[in-house]
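Feature list (source: TrEMBL):
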| type | residues | note |
| --- | --- | --- |
| COILED | 75-102 | coiled coil |
| DISULFID | Cys54-Cys402 | disulfide bond |
| DISULFID | Cys258-Cys272 | disulfide bond |
| DISULFID | Cys426-Cys432 | disulfide bond |
| SIGNAL | 1-18 | signal peptide |
Amino acid sequence: MNIIIVILFLGITQFSNADDAFDVRKHLSTVSRYAVSNDISANPFVSSEVPDQCTPLHLNLVARHGTRAPTKKKIRELEALAAQLEVLVHDAKEQKQSLEKIPAWLAGWRSPWKGKLTGGELISEGEDELYHLGIRVRERFPDLFSDEYHPDVYSIKTTQVPRASASAVAFGMGLFNEKGKLGPGRHRAFAVTSESRASDIVLRFHDCCQSYKAFRKSQEPNVDKLKEPVLNDITRELVRQYGLNFTKQDVSSLWFLCKQEASLLNITNQACSLFSPSEVSLLEWADDLELFILKGYGDSLNYRMGVPLLEDVVQSMEQAIKAKEEGYAPGTYEKARMRFAHAETLLPFSCLIGLFLEESEFELIQREQRLELPPKPPKNRNWRGGIVAPFAGNNMLILYSCQMDNSSKYFVQVLHNERPIALPGCDGSSFCPFEVFKERIAAPHLKHDYNMLCNVMEQTQKNFASSKLSQILNWLLSLRNAGSSAKKVEL
């Protein structure tokens, strides 16, 4: 009897610990906060010691904006959800159902963003993420940031979207903190530049790529079908559990609300409490599936359209090597190129350099073959939105100059979210000879031309129009010839 009691006690304790260990904030896909994302276990990071004879020569940074408010479209969705929840609770009362099963917060719930007319802006938590990232980058690479500031030495680029440009400013304030004479914090002014939204093929290539827009539109119904079984199963369970006539759209909106509450407001005991840990894992997987298909390895166009960004990164490293080889004076060449954009920028770039892949998968994408979709829970997967592109997620490529006996003098270290990460294209190392990085990882992508990839439809239309015009001209010419022949007969 005593043994049975002990076994039951251990079982209950183990179950309780497992339940306590589950943190929904680690399962929010790309809505994950940066600090929480770095705490997610099973991140595919590797230990990497940079040899003592190596010194950093140049830094490339590609970063997503920090934590932001929901967009205007999503704010309207949450207001519609509030109205729908009110109807559901009212209907339950009308049908004299027991209200004991309905969570107290749900009755009378109002959106925290109700009445807000704007959305999508960087919030204070996002400012903090980028500000401290800037401080950490300078502390980690003091030799790179020891020169007097000049925009040609420390280049900061961003898209024209306000949350991205605000992120660049917050990062710069941290990076150059106490480097100037402005105010008590000894701040300094610094330049942040951007291209027009309509022509920014380096940081907003997805917005300028007509082929990608057409591909995404064609794939969205297929993605919805793949996610549908998960939403249907969870909808049935929530109806059974709470006695409210939820629809699939209601559940989708509640999951969105859960992510916003948990990430932005640190509230996990309202919308998130409606879902069990296994349901949260499935909803996260469904989000990651969509991310994979529409923005990741699901199709080569998703990342190949990012070749202008990859080319920009490689060229910046080649220029740094040239400056080193030719002995340029300090302050006359670029030492860091820092870019602030979006998940739609960071994800394709991560794919271009082969992150989150096994070596066999890397070989497949080099041959332009599709990868298997991320496995469904409880199976483990490398592709998790909370790791690959959380708020303020980033890739840093550090170019090192090394005094070594072998033929390679320059190496590239890749840091994802500030941690060394394996490069399948460099035998699983995060410290890769520059020539290997350039030839094995970058070159197979750089053979593609952005305009050829992205304007196929436009070119087809031009060719079609040209063909039609040619036909019309030939027809007119034939009429003219026929008329000439007729006149000759009359003469």
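Every residue gets a Cβ built from N, Cα and C, even glycine.
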To the nearest Å, how far is the Cα of Cys272 (disulfide bond) from the Cα of Cys54 (disulfide bond)? 48
I need the CA-to-CA distance for Cys426 (disulfide bond) versus Cys54 (disulfide bond), whole Å please. 18
Distance [Cα-Cα, Å, rounded] between Cys402 (disulfide bond) and Cys258 (disulfide bond): 48
Could you give the mean pLDDT over the coiled coil (75-102), rounded to a whole number? 94
Output the one of Cys258, Cys272 that, of all these disulfide-bonded residues, has the highest number of other Cβ atoms within 10 Å of its Cβ. Cys258
At the Cα level, what's the spacing in Å between Cys54 (disulfide bond) and Cys258 (disulfide bond), rounded? 46
How far is it from Cys432 (disulfide bond) to Cys258 (disulfide bond), counting Cα to Cα, in Å? 41
